[in-house]
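Remarks on the structure that follows.
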Number of protein chains: 6
Amino acid sequence: MDRIDGRTPAQLRPLTIERSWSKHAEGSVLVAFGDTKVLCTASFTEGVPRWRKGSGEGWVTAEYSMLPRATNTRGDRESVRGKIGGRTHEISRLIGRSLRAVIDYKALGENTIVLDCDVLQADGGTRTAAITGAYVALADAISWAQGKKIIKPGRKPLTGSVAAVSVGIVGSTPLLDLCYEEDVRAETDMNVVCTGDGRFVEVQGTAEGAPFDRTELDALLDLGATGCADLTKGQLAALAE
Amino acid sequence: MDRIDGRTPAQLRPLTIERSWSKHAEGSVLVAFGDTKVLCTASFTEGVPRWRKGSGEGWVTAEYSMLPRATNTRGDRESVRGKIGGRTHEISRLIGRSLRAVIDYKALGENTIVLDCDVLQADGGTRTAAITGAYVALADAISWAQGKKIIKPGRKPLTGSVAAVSVGIVGSTPLLDLCYEEDVRAETDMNVVCTGDGRFVEVQGTAEGAPFDRTELDALLDLGATGCADLTKGQLAALAE
Amino acid sequence: MDRIDGRTPAQLRPLTIERSWSKHAEGSVLVAFGDTKVLCTASFTEGVPRWRKGSGEGWVTAEYSMLPRATNTRGDRESVRGKIGGRTHEISRLIGRSLRAVIDYKALGENTIVLDCDVLQADGGTRTAAITGAYVALADAISWAQGKKIIKPGRKPLTGSVAAVSVGIVGSTPLLDLCYEEDVRAETDMNVVCTGDGRFVEVQGTAEGAPFDRTELDALLDLGATGCADLTKGQLAALAE
Amino acid sequence: MDRIDGRTPAQLRPLTIERSWSKHAEGSVLVAFGDTKVLCTASFTEGVPRWRKGSGEGWVTAEYSMLPRATNTRGDRESVRGKIGGRTHEISRLIGRSLRAVIDYKALGENTIVLDCDVLQADGGTRTAAITGAYVALADAISWAQGKKIIKPGRKPLTGSVAAVSVGIVGSTPLLDLCYEEDVRAETDMNVVCTGDGRFVEVQGTAEGAPFDRTELDALLDLGATGCADLTKGQLAALAE
Amino acid sequence: MDRIDGRTPAQLRPLTIERSWSKHAEGSVLVAFGDTKVLCTASFTEGVPRWRKGSGEGWVTAEYSMLPRATNTRGDRESVRGKIGGRTHEISRLIGRSLRAVIDYKALGENTIVLDCDVLQADGGTRTAAITGAYVALADAISWAQGKKIIKPGRKPLTGSVAAVSVGIVGSTPLLDLCYEEDVRAETDMNVVCTGDGRFVEVQGTAEGAPFDRTELDALLDLGATGCADLTKGQLAALAE
Amino acid sequence: MDRIDGRTPAQLRPLTIERSWSKHAEGSVLVAFGDTKVLCTASFTEGVPRWRKGSGEGWVTAEYSMLPRATNTRGDRESVRGKIGGRTHEISRLIGRSLRAVIDYKALGENTIVLDCDVLQADGGTRTAAITGAYVALADAISWAQGKKIIKPGRKPLTGSVAAVSVGIVGSTPLLDLCYEEDVRAETDMNVVCTGDGRFVEVQGTAEGAPFDRTELDALLDLGATGCADLTKGQLAALAE
């Protein structure tokens with residue numbers, strides 16, 4: 001099967017990770033998975049929410065949003081509608097959980113990092129691009145705080161790295177990193193979030209059409225793990241610059 | 001390892017499915033997974049939302065909610081707060097997707113079924129109990145509409161059955177159908193939704209503590225599939241009464 | 001005149017009061033007035049709202065809600081609409097005022113009790129069933145706190161009991177405890193809340209059709225007082241178990 | 001007992017009804033019960049809400065609100081808080097029901113009248129002043145529509161008049177038309193809404209302190225009926241100008 | 001050109017400023033610019049918002065609103081819609097900024113004054129009438145606080161006076177203080193806010209039809225400054241009573 | 001006086017206008033005024049809002065928003081707060097009015113263009129950058145529709161161009177195009193919106209500190225007009241590419 005953009009089934013879209021995109025944020029990354037572009041900023045503030053005060057532990061949370069015309073037809077702003085939709089809630093929570101999986105709260109100390117992931121242009125896989133980019137912004141914000149000695153010397157709030165990718169079955173073939181057109185046609189859609197050492201942080205698979213069997217599930221997990229490993233290399237390369 | 005309530009690792013909690021609980025709804029089920037009790041009602045209405053009119057196809061959707069004192073400490077009502085939280089959104093969407101996986105929209109015709117899953121008492125696994133009970137309420141509502149000839153004779157809107165269960169790793173042991181105390185202690189938590197013929201509709205696994213490896217993931221998937229098969233039997237038995 | 005369910009004009013529907021319905025709440029009662037079923041939970045927490053701190057006095061408040069399919073046709077959730085309707089507000093306030101009428105705030109001490117009254121199935125008289133059931137849940141929560149010594153020994157926060165019933169004029173006949181079909185046809189509708197010693201806490205009469213004269217009003221008040229006295233017996237019997 | 005403003009127990013505060021207060025509304029009345037001042041406007045529009053279309057019947061509804069500094073200390077605007085409070089809802093509903101009690105929907109035809117009752121200055125009894133003033137605004141709006149032939153000649157949408165007054169027991173004495181200071185001290189508070197021919201439209205009595213007995217209730221009902229009769233005279237006089 | 005109400009182009013509508021309109025507020029003014037009537041109340045409270053505590057400085061803010069039937073056709077209440085519209089926000093902010101321009105925060109001390117400007121009847125120029133009336137209410141509230149010694153003796157929180165007027169070009173002629181019918185027909189509309197000594201606090205000019213050139217802009221500024229000077233005289237006269 | 005970034009008082013910051021920034025929108029521009037970066041997308045849809053149907057005329061509207069970390073400290077999302085703030089409302093309305101000033105609704109036909117202006121990075125002057133960039137996006141969207149023949153051949157919906165700039169008095173010197181640090185220190189702040197032929201569409205001047213006199217106002221208007229003329233050249237150059 002030929003993919004719409006000529007990729008092989010197990011091939012990622014071109015990945016770019018542009019660090020220090022914004023002059024204000026402690027970490028800021030414009031990440032692109034092909035035509036999907038997400039601006040990820042990490043805002044570091046001293047102090048923690050009320051329910052965590054005095055614990056000696058920090059907090060990391062995330063908010064995801066799409067610009068109204070990030071997609072092919074304009075969507076209403078959630079601020080105008082006056083409420084956040086279920087999809088936005090779900091993705092924000094996923095990003096937050098994924099990044100917290102590589103955080104040592106004690107080492108972070110009573111500091112808070114908020115990851116804002118704003119989709120500037122969408123072409124499938126916005127949540128996985130967001131996680132992948134947010135990790136780099138998070139690493140930069142932590143380096144910034146270490147440089148400022150806000151995080152005590154010798155402490156390592158990051159216990160590893162995290163990346164994410166979508167996989168799906170389109171016309172019986174398992175494909176890596178679906179673009180929008182593939183995503184629409186997928187019978188099964190899965191998001192896989194892995195640490196840099198190849199373990200799973202989150203696995204979310206959904207039958208869009210017919211239910212899937214264990215063999216298909218296994219193939220998707222294999223593909224997702226491979227894709228995350230490739231993304232991890234891209235993150236390391238970006239952070240090495 | 002001894003489980004808190006004396007179960008073996010692969011044992012479900014006592015399952016009860018009380019049909020026709022309410023006099024008003026076309027389908028209504030009080031489902032219990034041990035101390036978790038969820039009232040699932042299926043409301044059948046002729047007609048579909050505006051975006052689906054004229055398609056000849058029906059629609060199925062779900063809303064999940066918890067009574068304020070379903071849990072150990074009272075939670076604020078979402079109606080009083082004026083907005084629905086992320087967790088509620090996420091679970092409502094999961095229930096809706098799970099049930100739509102066994103619906104043939106054409107056979108349903110331009111009719112809508114809303115599944116309301118209200119947790120009266122919570123002790124872990126409320127979303128999986130909700131899916132399992134909602135399926136029975138859905139089947140009853142469809143029978144009702146077939147009896148009334150609102151669904152045309154010979155049409156079978158249900159393509160199969162669906163059930164769900166939580167699995168998790170607690171102290172290195174994979175456990176089936178976690179109660180609240182186990183859920184709190186779980187390192188990894190997964191919800192598995194399967195059809196009656198043993199295929200997967202949805203798989204959501206999350207590392208609560210350390211990331212999990214493929215071996216652990218496989219063990220959880222095995223356990224979840226087994227648990228769903230047991231629940232399917234319970235659903236069939238209830239529907240046979 | 002024959003009533004739809006064969007009762008005499010001054011006869012209550014079958015009353016059931018099931019205590020300790022929920023394992024979590026300090027008091028929990030499933031009350032039924034015929035087919036009207038309301039789950040009343042009393043949540044006891046130490047401390048009071050900010051505006052009452054340091055007063056040495058407690059607080060009691062109530063929230064009423066209906067499950068979406070408690071009624072014959074499904075109603076939208078107020079959480080989804082993002083606001084609480086006027087009817088809900090009005091009934092929540094009525095329940096709160098009714099229960100506060102039998103509370104000695106000083107004896108309660110700086111503790112708060114929230115009564116949640118959730119209608120699981122509606123067939124007229126939901127607010128009066130809620131008040132009647134909530135009183136029993138309140139009594140149980142207070143006993144719980146006395147048992148835990150959170151309320152000081154010898155203190156009696158309850159100054160009496162409270163019950164409520166609806167009355168109305170249907171086809172010129174005053175009827176007690178209207179079911180839904182009677183309620184719809186009533187020319188005049190009144191809710192009467194009485195203490196166990198036969199005094200009035202709240203009287204709310206509304207002309208649904210033609211205005212009513214003093215003779216009709218007097219007949220309704222008589223009937224309501226009698227009905228409350230019968231309900232009081234039911235409460236006492238339930239609390240004696 | 002001497003009342004704070006020198007009135008006898010059964011004496012109303014000075015009543016003024018200023019018609020045509022606003023140049024825009026079809027009916028507009030500035031009503032004063034002593035220092036309580038409410039601007040009541042009646043907005044007449046052709047057509048009815050969707051659920052009433054084609055019925056040949058009209059609709060009348062009401063909205064009540066207080067300016068932020070109508071009271072002794074400033075209250076937040078409900079528009080700023082983003083939601084309407086329970087008290088506002090309750091009073092709006094009471095005003096609407098009270099005025100609908102004297103409306104013949106058929107005679108009104110498919111037209112809608114909205115009564116806006118905005119409290120400019122509050123000193124107790126704002127809801128009863130609102131009902132009393134809104135009736136006059138309603139009558140003026142109906143006259144306007146009759147003059148414009150929007151209501152067909154010969155049709156009389158008003159079946160009578162309606163007025164309302166508060167009564168209460170302060171220091172064991174039943175008092176008519178409580179001002180704010182009396183209202184705060186009242187053990188029992190009742191609002192009585194009567195038609196011009198002396199029948200009851202709504203009776204709402206609440207024990208603020210100790211529950212009240214039937215004798216007290218009877219005394220309050222007598223006083224309320226008398227007060228409404230006096231207010232009816234004031235309404236007639238105003239409409240005769 | 002003849003103006004609709006017979007005024008000359010540079011003539012204000014009749015101005016009335018009724019002080020102490022309400023018995024509760026520390027300052028309260030019913031201001032009329034012809035048929036435009038705005039009730040302006042100034043609520044003085046000790047203390048400041050959290051973000052200003054400990055600064056030794058006070059705060060002044062404003063809220064503007066229209067009664068639903070202040071205009072020719074009824075508008076929905078913003079409290080019912082659950083949110084404040086853009087126009088209301090914009091005008092509230094303009095009034096606040098205009099009054100703060102004549103406040104010495106240090107002299108005010110840690111006290112807050114809220115100006116509520118509620119339009120009872122609208123006929124164009126509601127925001128400028130609001131600013132002009134609110135200044136007088138503000139001056140009264142400050143006098144009240146000086147009388148109570150809440151503002152320390154010798155301190156003068158007011159550094160000057162402020163007034164506002166609308167100007168516009170209708171049919172090529174610059175006109176002062178537009179009434180509603182003129183406002184609708186204006187090609188260019190400008191609001192001018194000046195201090196009593198003739199300097200500008202705010203200038204907001206908008207091309208409603210064709211863009212305007214510098215000559216027109218200059219003519220409008222001249223007219224606005226003259227109008228504000230006339231209004232200043234009216235304010236002084238009112239405060240001298 | 002030396003400006004913080006070395007500019008002369010009447011010098012704009014470096015202007016860049018990047019067209020076709022997004023692959024989805026009919027017009028999309030990333031505009032930069034120095035470090036202020038705004039993504040402006042123009043979404044063209046056939047049809048108009050309900051209130052304009054059948055008029056034969058089109059509609060143009062705008063929404064402005066800031067990403068949470070566009071500024072030096074993170075701001076809460078308006079979608080999370082559940083309501084749009086006054087500043088956002090005010091700026092959205094200004095952008096909409098400014099662009100509508102150069103639109104011929106008849107020539108546009110019954111089509112709607114929504115301009116979304118999302119600030120990715122803020123350094124003062126975000127609303128003026130938004131207007132300037134949105135004009136270019138608008139022109140591109142109109143060209144797109146002309147190319148698709150959605151706008152009938154020969155029709156010219158644009159009657160001119162529009163650009164905007166901020167001016168202010170800092171330390172007695174009138175400065176063009178204030179960056180954030182200058183804006184904070186400005187005694188007077190003005191936004192000037194001009195058409196390409198040098199006429200004014202909107203003028204908004206505010207005294208941040210002391211009120212300003214006519215001489216200062218005139219100097220600011222001169223400077224603003226000059227700045228807009230320079231920006232117009234930049235727009236033309238971008239559109240010529």
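Backbone N, Cα and C atoms are what each Cβ position is placed from, and that goes for glycine too.
Nobody curates TrEMBL annotations by hand; they come from automatic prediction.
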Same phosphate site per TrEMBL - residue from B:ARG81, B:ARG87, B:ARG155 joining B:GLY125, B:THR126, B:ARG127: B:ARG87
For phosphate, whose listed binding residues are B:ARG87, B:GLY125, B:THR126, B:ARG127, the greatest C-alpha pairwise distance in Å: 13
Additional residues surrounding phosphate, by Cβ distance to the B:ARG87, B:GLY125, B:THR126, B:ARG127 centre under 8 Å: B:TYR64, B:ILE91, B:VAL119, B:ALA122, B:GLY124, B:THR128, B:ALA129, B:ALA130
In the chain carrying B:ARG87 (phosphate binding site), residues 6 or more apart in sequence that have Cβ under 8 angstroms from it: none
Site of maximum Cβ density within 10 Å, from binding-site residues B:GLY125, B:ARG127: B:GLY125
Tally of residues which DSSP labels helix, strand or coil - the domain 'Exoribonuclease phosphorolytic' (B:161-225): 18 helix, 30 strand, 17 coil
Tally of residues which DSSP labels helix, strand or coil - the domain 'Exoribonuclease phosphorolytic' (B:11-141): 42 helix, 43 strand, 46 coil
Other C-beta atoms that fall within 10 angstroms of the C-beta of B:THR126 (phosphate binding site): 25
